[in-house]
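Just below is one structure, and these are the notes that go with it.
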Amino acid sequence: MQPIARFCQQVIATVCSMPSLRTTGNYFIVNLSLADLLVTMVTQPSSILGRALFGEEWFDARPVVCSVVGTLCAMGCIASTWNICMISVNRYILICRYHVYSKIYTKRNTILLCLSVWILIYLIEMPNHIGWGDTRFSEVFFVCTFANHVHSFALFYILVGVMIPVSVSCAAYIGIFKRVRTSNLVRNRILNAAEAGKPQKGPSKDAKMTLGEFHRNVRVARVLFRVFVIFIVMWVPVAVLILMGMGKQVDYVWYILTVLLAHGNSSVNCVVYALSLDHFREGYATLLHINVSHKMKRNTVSLVDSTTRPRGCVSTVSGQIAPAGLKVVRALNQPSRPEPN
């Protein structure tokens, strides 16, 4: 558990220590890392100890410990879900509603949104403490957790804690996909017109900068979409078992495997960042005192969030980012140059 916890800490430390990563969009990644750290440091160890060492009798004799562990377990898991939802909405507004992004995601508003996630997940967990359910040692999950034996509360927990944020995330990424597809169609029309020799009004230098920001943010969104897909794959099995409410009708081994898979999701996110985002990889290397002697691959993602449009930037038709095709401008007007990291 210690290496994974260290990786989660590296995500937080990297964002805090590198000025280029201290953007409002990355606040949600830090918030997600805090949730991952909670699951890694509390939920996973208690789950293993509950199965291997302590057992139900030990936790029954210590109800306060069981209540604290169960509350942190339930909160940490759905905190990951809601933070992934916040990230997807942030990406959607950045890519599809760029003209209002800087108004919505100010530093103050973003911090309040991050705090609201933790308030929301506690409100979801609170019925366990006011009589709807309770927190106890689960005989199927072998860990202190929310009242999954109370099927009505289990349905509420999965619906509000998992299904709603997952649905919002799906809608956000579908919107991003449509926006990128529209951009590609317009770019292809410009390419075809250029090949046919029709006169085309090339975008100004400022417009090219905006186009570069657009494609860079799309590449980052793809990485964060992978995080979302991995989350779905690892959480669906345990969610299905809880929703079915089959209890001991299913062999406990399946419950253990699905819980380990779901909790293991918190150990994956930081690795995805390290493998896919060059700025995070460089930050890890710096913080871990690793000398990086080779150049980063040119196709790795540069995570520099553009929350404000550069002064003098030229707007495009319908207030959207110009999808005029950076390749056309480079091919017709000037030699290519590498994108800034």
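Cβ from N, Cα, C; glycine included.
Residues annotated as domain 'G-protein coupled receptors family 1 profile' in TrEMBL: 7-273. What TrEMBL lists as transmembrane segment is 27-48, 68-89, 110-130, 150-177, 223-246, 252-275.
Between the transmembrane segment (150-177) and the stretches 27-48, 68-89, 110-130, 223-246, 252-275, it is 68-89 that has the most C-beta pairs under 8 angstroms.
Counted over residue pairs separated by six or more positions, the transmembrane segment (110-130) shares at least 3 Cβ pairs under 8 angstroms with the transmembrane segment (27-48), which defines the two as touching.
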